[in-house]
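Novice: Annotation comment: Swiss-Prot describes G155, G156, A157, G158, V159, G160, K161, T162 as ATP binding site, evidence class sequence analysis.
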Amino acid sequence: MKAMEGKIIQVLGPVVDVEFESYLPAIFEALDINFEVNGVQKSLVLEVAAHLGGNRVRAIAMDMTEGLVRNQAVKARGKMIEVPVGEEVLGRIFNVVGESIDNLEPLKPSLTWPIHRKAPSFEQQSTKTEMFETGIKVIDLLAPYSKGGKVGLFGGAGVGKTVIIMELIHNVAYKHNGYSVFAGVGERTREGNDLYFEMKEGGVLDKVALCYGQMNEPPGARNRIAFTGLTMAEYFRDEKGLDVLMFIDNIFRYAQSGAEMSALLGRIPSAVGYQPTLAGEMGKLQERIASTKNGSITSVQAVYVPADDLTDPAPASVFAHLDATTVLNRKIAEKGIYPAVDPLDSTSRILSPQMIGEKHYEIATGIQQVLQKYKDLQDIIAILGLDELSEEDKKTVERARKIEKFLSQPFFVAEVFTGSPGKYVTLQETLEGFGGILEGKYDHIPENAFYMVGSIQEVLEKAKNMKNS
């Protein structure tokens, strides 16, 4: 159709203005450009972002725009960007437009879905709350995840967000036999590469679909990759009735790329230079991550916190949507305790006796009280020393130090760094161990025996070995 052809009238970095003779493409419609750069044939996908008046549109490029010139031919697709869905996407890596980028045989999809879809309606959504066991002690005990809930992993650079995500993918594949979708939103290419090979080595690759829009790509690709991954997860939920795990690393980059796109489209920025539509854009993505009567999408989103400032508009806009927060703390990482989850800052909506049962709730709040008391006593200890404390406070400090150590755990995906085999700890074992510490059952065991182990049984074995050596 000649009418659906247009031409480039302006190229502004990743933004391209296109004019059509008699056709006006809809917002979110895909446009295709086939061109040649230095004798190499290239194709580029654009997505319509704004109507400029007349038959002119402003579109965001999903790849680099080098080599584009004015008056070049552009073809409208008449539909949105569509990506492959179904079991054939498992074990493969895709870019934002659904092309496989893992150097394997190109995928010829039998089914594709558009990346912009409506969120499930109120009637379709499920209101049932169930705990999702992760096998990670500190999470299951103090900030449990709910099936079909949204979890934020908060932390600055280099405190271990990606390692926790990899461990969760591992545990879901091995223990729950479930599918996962991983969306790499504006993160390091090296990390994406490492993740792929580690999953291949760990034998979990056939249970996960990977979608990457990395740091070096234009903002359009970094922003829309979250929708590409989500669409693949929605298929497993809606058509197959499965419980899927959706990982987004990093949701901050989704907001950041939205800010870049907004500025390029000429919108006036709001606080801290973010886009004026930040809350709406975040809601559009988050509302699609939901549990329906068919299946669920449980999502874990790593949230980079710029300069460790939780009041920054980007992390603040994510907070509103979360059911649980897992906050990583650099001070805990500096003590050598991994995962460096802050037991007092991390929260969960389901940490209540009605949702998780009286026993779990009592142990969790008991642990938090001991840790809080220890935190309050630290100023006194720093000034006067441990000897000035009452006998009861000394006991609290001893138990708190054991709890801190026992909250550490060797991960399967970190075996290569730590040399310790990974451990999956069931909720039952976790409650037994921490309940015993609170009751004073293990007051006679040295605190070093609690460090980097799985269940309390291992603590007792380690203490026995320490005594004998």
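All positions are counted from 1 along the displayed chain.
Every residue, even glycine, has its Cβ placed from backbone N, Cα and C.
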Novice: Report the member of G156, G158 (the binding-site residues) whose C-beta atom has the most other C-beta atoms within 10 angstroms.
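Specialist: Result of the Cβ crowding comparison: G156.
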Novice: Let me make sure I understand the structure: which of the binding-site residues listed (A157, V159) has the fewest other Cβ atoms within 10 A of its Cβ?
Specialist: A157
Novice: Could you tell me which of these binding-site residues, G155, G160, K161, T162, has the fewest other Cβ atoms within 10 Å of its Cβ?
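Specialist: If we count Cβ atoms within 10 Å for the binding-site residues G155, G160, K161, T162, the smallest count is at G160.
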Novice: What are the other residues, in sequence order, whose C-beta lies within 8 angstroms of the center of the C-beta atoms of G155, G156, A157, G158, V159, G160, K161, T162 at the ATP site?
Specialist: Y304, L328
Novice: Reduce the DSSP letter at G155 (ATP binding site) to three states and note it down.
Specialist: strand
